[in-house]
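Input: a single structure, listed below in structure tokens.
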Amino acid sequence: MPRRTDLRHVLVIGSGPILIGQAAEFDYSGTQACRVLRAEGLTVTLINSNPATIMTDPEYADYTYVEPITPDFVERVIAQQAERGNKIDALLATLGGQTALNTAVALSENGVLERYDVELIGADFDAIQRGEDRQRFKDIVTKVGGESAKSRVCFTMEEVRETVGELGLPVVVRPSFTMGGLGSGMAYSAEDVERMAGHGLASSPSANVLIEESIFGWKEYELELMRDRHDNVVVVCSIENFDPMGVHTGDSVTVAPAMTLTDREYQTMRDLGIAILREVGVATGGCNIQFAVNPKDGRLIVIEMNPRVSRSSALASKATGFPIAKIAAKLAIGYTLDEILNDITKETPACFEPTLDYVVVKAPRFAFEKFPGADATLTTTMKSVGEAMSLGRNFIEALGKVMRSLETGRAGFWTAPDPIATVDEVLENLRTPTDGRLYDIEFALRLGASVEQVAEASGVDPWFVDQIAGLVALRTELLDAPVLDGTLLRRAKNSGLSDRQIAALRPELAGEVGVRALRQRLGIHPVFKTVDTCAAEFEAKTPYHYSSYELDPAAESEVAPQAERPKVLILGSGPNRIGQGIEFDYSCVHAATTLSEAGFETVMINCNPETVSTDYDTADRLYFEPLTFEDVLEIYYAESASGAGGPGVAGVIVQLGGQTPLGLAERLEQAGVPIVGTSPKAIDLAEDRGAFGEVLRTAGLPAPRFGLATTFDQARRIAADIGYPVLVRPSYVLGGRGMEIVYDEQTLEGYITRATQLSPEHPVLVDRFLEDAIEIDVDALCDGTEVYIGGIMEHIEEAGIHSGDSACALPPVTLGRSDIESVRRATEAIAHGVGVVGLLNVQYALKDDVLYVLEANPRASRTVPFVSKATAVPLAKACARIMLGASIAQLREEGVLAATGDGATTARNAPVAVKEAVLPFHRFRKADGAQIDSLLGPEMKSTGEVMGIDHDFGSAFAKSQTAAYGSLPSEGTVFVSVANRDKRSLVFPVKRLADLGFKVLATEGTAEMLRRNGIPCDEVRKHFEEPGAGRPARSAVEAIRAGDVAMVINTPYGNSGPRIDGYEIRSAAVSMNIPCITTVQGASAAVQGIEASLRGDIGVMSLQELHSELGN
């Protein structure tokens, strides 16, 4: 049957900002859905608050609303479309993660969908409830003959205690309707139960938690299934978790297809999965079901299901080449599986289940170094911030590739010094899962532990441990062989070992370069295989490749000759991490699409399964490979060979994928690879403070005084000369890694000890820190002659808070025309001085009317997508064209850039866009269960961002806060406790809050100052003060935890007692999920946002409408 003809207009809800537990995989899913629906002739309206996504580009929907994803704002969008005669017929919420699903449930429950006659498609309200509600899902499992863990849904702490008494400790606590395992965990004691169930009841939208028997240590599996309205069901992929139950699947290494299932177990799982899917009632879309198997007796239970496209769906799509989100969207509008053609073979229908003749391994990327004090134990609450995926012809090859894809500083086994430990100590470590468990398993085996001992200690299946044991045996062979011959080297490469790993074992080969030279002499190169969904039964029409070192020297590569068009290789950004997220993938995708249109053949290299760039139809060719020098060079050789006789490889783009490809630029150029755009030498010049300082001196541009130090003595002398506070940081980092504001010599000494370990080959930078300065961010283009200012952003927080964590406004809200003109002149001088061809990001600080240059990055920045959305100018597309020879004048003529003016000449009535960072503090706790500090500083900690856009700053800021944190309060009590230096600045914002009807609560010193300024307030004591002696009975922390505070304003003190008090206050605010503002500027912005909300004139506006207003 063809698609439903009664559907003309579909609303798609995106997933909002990148969060731990809900990341870029939903940008990938939503982008696919929007493309499919529009291709089918449907009108598509999209709501998503995340400007960094491809799906919020205006060309992917007819009406794109970058607005908060709340029931209220979604209703405003539905109403606006209805008022304009564009009635929305259906809502597709299964492709936007838990955020979209929860919003759809709320819209259904509050009657909005019924009032506007909007149908839920993909999964209806009842199906969502049956799949998401723990008790209803458990009843369904029982009904179809399956078994669940013994459990009970509890709504109160009394019910929780009663259930724990029946089941016995330990138990697992799981809230309903949350994502990434938020609020869940293992409770070993009564105290654990009280704490975790309390958090769980607070974090569950339905205010209930599931208390279940512990199945920790069992083997975990997942099935990805799809069903159409004719009841056809396919199992797309089976996935096995390397780690046992107890580690969230998002934090586990996972393998596809499942490796250790017996055929009988798989068939049982498959039958159960299909029966559950039918009973839940997901009739037109995909779902993910998780199972656990007891390795001792084979008992199989069903854990849970997601009645939507999930994180695992993105992984399964990339692993198999079966586009789950795309097919789910087609099923939702009425197609059946047998009517949908497989994109890769162009012959088989989607009802053919994919067959894999390779192994896929996904590994998580963590960022514990960003959160000092956070407990790094892996639990049922997800903590990883990104992931990498690799494909190989066997498990151990894929494992080796994925380990070097993670970019943690270790390129797999044997590339870092071993810890000093005994075999018993390592085995004991393995009993507590951490992010270093793969290395611990290999080390324990190398120290003499048996496969059985390691499997028992770690809970990892003996089959996986045995695979790593085989690698340990191969290591011994590599160390002991008198000569490294072709047979042994080929075996090592077939086992996933990199040249760098082999070089670490054979010092006589003089490093990675020597190993590569030996391989070339022996004719050992990878062959590139194709992902074809059918184990080569049909020919693949889509070039989606992975490398493998086959044992058979005669094995042939499957890269088809392509000699017609010049090729451009685009290096992606690798796994998401704090400091390098999907903003960089966004730029890579734009480069691929625009260069294809301009007549180039685009080749994407990346290893991140969450992203749009690794979709098989984003670039003309995709290599799912690690972004290392060795792997990229082999792809370059393969592409050069496949293009023989034609124009060949025009160049490699390293400027768009963040620090990862930039770090490869110099070595690639030395190996003869043509780098397009800004040269590696110019990139190095901008990073080298001495050389960059010379550029600034020549241009007459001031910069904060600084010095370079390799010892503490040097750093001490520089700091004493410049004057404290100073900003210290290593060079060549992204996301402010290792950056600190230092107020005294003692702290400086501790920092230098750590920092020199962090980056031994580069000196530490010691800069004067400009307190109370306005920070300014600029994105610009340069074609070598002309400079085009893309956008000038004014940070809301003062300089000193990492730009990635600071909210910012575009156009600037307090800068004058002369300030903007100074910024333009400085940016032009830097672009020409460095030699930029492509994108440039410059950060400035404005203090006492002097514009200081903080740093310049000749690459795409994380603000490029935000600026592009706010100004209607596709900066990444323009950059890609410039790198391959187009001029700014030419791009103005073509309409890619504004015909006149640029981002520094915005109209006076232009709407204001505010970007706000989204921070993951609620995910991380200390080992004792305490919250980590939410104080911002020069090291980046945010995982994602949102955008608010409106006709004035207050309204735009209010939207950004609603999108990021669930809105600013409109009434209630505001608690204020600030450092002495901030008291004068905060009088007016707090006075305005009091005038708006808020009650004010403050600690003694702040209360006294507020009363002197005519602001009535109640007093509470500081957390570390005892009650009595004239002090109030309640402390600030007690008031917050009691739910009596709607917002906190707390600026940090020095390093004394009050600083500790500030930590407790901020931690309490995070745990109660209320706004916590830590800067004076943030407080002023919040007041403007609250005023705008209370006025009630905040509307919604599509990007298409906004861009037509801007004249683009």
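From the backbone N, Cα and C atoms, a Cβ is placed for every residue, glycine too.
Per Swiss-Prot, the candidate among ARG717, ARG729, ARG881, ARG892 that belongs to the ATP 2 site alongside ARG768, LEU770, GLU775, GLY800, ILE801, HIS802, SER803, GLN843, GLU855 is ARG729. Its Cβ taken as reference, GLY800 (ATP 2 binding site) is surrounded by 21 other Cβ atoms within 10 Å in the chains shown. If you count neighbouring Cβ atoms within 10 Å for each of the binding-site residues GLU213, GLU220, the highest count belongs to GLU220. Here the binding residues for ATP 2 are ARG729, ARG768, LEU770, GLU775, GLY800, ILE801, HIS802, SER803, GLN843, GLU855. Their largest Cα to Cα distance works out to 18 Å. Checking each of the binding-site residues (GLU304, ASN306, ARG729, HIS802, GLN843, GLU855) against GLN290 (ATP 1 binding site), the C-alpha distance stays within 10 Å for GLU304, ASN306. Near ASN306 (Mn(2+) 2 binding site), with the C-alpha within 10 Å of its C-alpha, lie none of the binding-site residues ARG134, VAL247, HIS802, ASN857. Residue environment of GLU855 (Mg(2+) 3 binding site) contains 17 other Cβ atoms, counted within 10 Å of its Cβ in all protein chains. Put simply, of the binding-site residues LEU770, GLY800, HIS802, GLN843, ASN857, the one whose Cα is nearest the Cα of GLU213 (ATP 1 binding site) is HIS802. The Cβ of LEU770 (ATP 2 binding site) has 21 neighbouring Cβ atoms from other residues within 10 Å, across all protein chains displayed. Here the binding-site residues are ASN306, GLN843, and the one with the most other Cβ atoms within 10 Å of its Cβ is ASN306. GLU304 (Mg(2+) 1 binding site) has ARG134 as its nearest neighbour among the binding-site residues ARG134, GLU220, LEU770, GLN843, going by CA to CA distance.
Between the C-alpha atoms of VAL247 (ATP 1 binding site) and LEU770 (ATP 2 binding site), the distance comes to 44 Å.
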